[in-house]
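Residues annotated as domain 'Major facilitator superfamily (MFS) profile' in TrEMBL: 1-382. Under the heading transmembrane segment, TrEMBL lists 17-38, 44-66, 78-99, 105-127, 179-200, 220-241, 262-282, 288-310, 322-343, 355-376.
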């Protein structure tokens, strides 16, 4: 739930303060975990603060991207941003493998603290506030020096063209949930991510059992979906922006509905489903390892298509509450990933790897009708929501 509260706070009080609090909590927690005497209670408490700091940044980051990029280039910018949460589960096992020893467990937290410190300093001293309701069109901070003393609160801009600061309201958040496309996009993303995360979880069990791989070899397997996701995100972002620009050129009034972004998710869900089928049944049949890894790569490509287009679509539907919408999607994805982690071992034992990922692939296919509903009825539902205020 923390990302939801952080997103609302960033949509009202500014992005930078939430970054400072969130990453500060993450940094301090990791330093303490790496240095304090080992104690199980301290471990649990500090891990809570660590999770608080890490999860709150994701939704705020999407809001920052929406603040500083115009819709014509937004998908390309979001593609770079979304690589963080997408590649985290991929690089985690690769990096963690270097610390996979009882005597070196503290270095996991030490490493996280070391890589967080320069990022935190850059945000603290170099990053300006970007929330449009506070800085207007950004003219006031455009010539800000590279290094500046951080402020806990930014004075609202006098730019009359800037949007007004929204009042924090739980009722307004509930109103977002009344707009079916937001729920469809968020739940679809959660269902798809559950399958991809389940695939990542299955690598150690499936690849060791099927191909007798070592722990190091299993960690290298994560490069297949990771590299594929990296290039797919860039290509999808640029492609989505190019197709939008082309549609605007053909439009009589020079406008394009946000639903044009979401149409490409049909391709994304189809590719992801095919990848899950391939991974499951190729591993079940003990086909060469490359075949199953190609399936995992395709699944990650499909996920990239869905992530980039979903976030772009939501930022265009309701730019003032971008962070809140992304936080909702992140919350559902985290819940779905947690459930996948709980059931994965049991599914693999009872159903086998083939049928397990057939289930996840079918879940992807079942998401497509929701996308069709948005394509054909999204504009109508958006008009109803706007009329309700």
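Placement of Cβ uses the backbone N, Cα and C atoms for every residue, glycine included.
Pairs of Cβ atoms less than 8 Å apart link the transmembrane segment (78-99) most often to 220-241, out of 44-66, 179-200, 220-241, 288-310, 355-376.
With a cut-off of 8 Å on Cβ pairs spaced 6 or more residues apart, the transmembrane segment (288-310) and the transmembrane segment (220-241) reach 3 or more such pairs and are scored as touching.
Nonlocal intrachain contacts for the transmembrane segment (17-38), taken as residues 6+ away from its ends with a CB within less than 8 angstroms of a stretch CB, comprise 6, 9-10, 46-47, 49-50, 52-54, 56-57, 60, 106-107, 109-110, 112-113, 116-117, 119-120, 123-124, 127, 150, 152-153. Tallying C-beta pairs under 8 angstroms between the transmembrane segment (179-200) and each of 44-66, 220-241, 262-282 places 262-282 first. Packing against the transmembrane segment (262-282) from elsewhere in the chain are residues 181, 185, 188, 192, 195-196, 199, 236, 240, 243, 291-306, 309-310, 313, 353-358, 360-362, 364-365, 367-368, 371-372, 374-375, 378: each is 6 or more residues past its ends and has a CB under 8 Å from a CB in it.
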